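Below is one structure; the comments refer to it alone.
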Amino acid sequence: MKLLLLTLTVLLLLSQLTPGGTQRCWNLYGKCRYRCSKKERVYVYCINNKMCCVKPKYQPKERWWPF
């Protein structure tokens, strides 16, 4: 019974403490954050003034247009 009460308490606390998740950007390939991880790059900025951190494989390739 004590184990059940402890488990329910922990689950209740975890459901209250965990955020809903980060806002998604760049066609759901990026995440809006204040700092990007080492494997991510900033490509655009989100509406909430955070950086849209996108992994390099999901960013468009740069094309050089001849003039």
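Along the chain as shown, the residues are counted starting at 1.
Here the Cβ of each residue, glycine as well, is placed from N, Cα and C on the backbone.
Quantities reported herein were computed from a predicted structural model and do not represent experimental measurements.
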If you consult Swiss-Prot, the disulfide counterpart of C32 among C36, C46 turns out to be C46
The residue that Swiss-Prot pairs with C25 in a disulfide, chosen from C52, C53, is C52
Taking only the CA atoms, the spacing between C46 (disulfide bond) and C53 (disulfide bond), expressed in whole angstrom, is 10
Spacing of the two Cα atoms, C52 (disulfide bond) and C36 (disulfide bond), in whole angstrom, works out to 8
A correct count of other C-beta atoms within 10 Å of the C-beta of C53 (disulfide bond) gives 23
